[in-house]
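Quick look at what TrEMBL annotates:
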BINDING   20, 27, 156  xanthine binding site
BINDING   128, 129, 130, 131, 132  5-phospho-alpha-D-ribose 1-diphosphate binding site
DOMAIN    48-155  domain 'Phosphoribosyltransferase'
Ligand code: 5GP
């Protein structure tokens, strides 16, 4: 998605060879128009899949997942992150490491929000090692819902997450792929 690449080059900064700061677009601020374009793109790519629900993880996945759900005309569910499993008997819970925070958090989805009748599209902001994605996939599978695909705004393809999910057989669509952040420089992968 060329417009997104342009904005990344203009607005992102490289924290180190593994981490990109993209606060103005994905992780702290939101450009509603650009976010709607992302949602339209995901909705178009998965239009043939009869999606009944979009799912994401709070908080950075929510805007683009909302935009996708709006265009597809289906509800959105977001997994909440919690530090304790206590008192959540009616929820699916999965513990995952957090890439940016260096801690583990629990992903929680209330059981009544996902059912075996659902065909789910999982949307997220960035994929690095894929831990958050694998945690959410375990939740979707426990619910019996069908995972029809995964849409990620930004894949850092030098980290293993996207590749691992494709190797497991999931359809993974990304809007932008970054192949390196070495030497303080953003290098996009050839699309
Ligand atoms: P993973 O579980 O795939 O290792 O990491 C996924 C989550 O960590 C994403 O949802 C994203 O919020 C955060 N994350 C991963 N890499 C980056 C990065 O380079 N920059 C920022 N700002 N967040 C990241």
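Indices start at 1 and increase along the chain as displayed.
Backbone N, Cα and C atoms are what each Cβ position is placed from, and that goes for glycine too.
DSSP assigns residue 129 (5-phospho-alpha-D-ribose 1-diphosphate binding site) to coil in the three-state reduction, placing it in neither a helix nor a strand. Annotation for residue 156 (xanthine binding site): spatial neighbours 18, 20, 126, 127, 128, 177, 178, 181, criterion Cβ-Cβ under 8 Å with sequence separation of six or more. Residue counts for the domain 'Phosphoribosyltransferase' (48-155) under DSSP (helix as H, G, I; strand as E, B; rest coil) come to 29 helix, 45 strand, 34 coil. In the three-state DSSP reading, residue 20 (xanthine binding site) counts as strand. The 5-phospho-alpha-D-ribose 1-diphosphate site, placed at the center of the C-beta atoms of 128, 129, 130, 131, 132, has further neighbours from the same chain whose C-beta lies within 8 angstroms: 96, 97, 99, 127, 133, 134, 159, 161.
Each of the binding-site residues 20, 128, 132 was scored by the number of other CB atoms within 10 Å of its CB, and the largest score is that of 132. Classification of residue 27 (xanthine binding site) by DSSP places it within a helix.
A 10 Å cutoff on Cβ-Cβ distances gives residue 130 (5-phospho-alpha-D-ribose 1-diphosphate binding site) a total of 24 other Cβ atoms nearby, all chains included.
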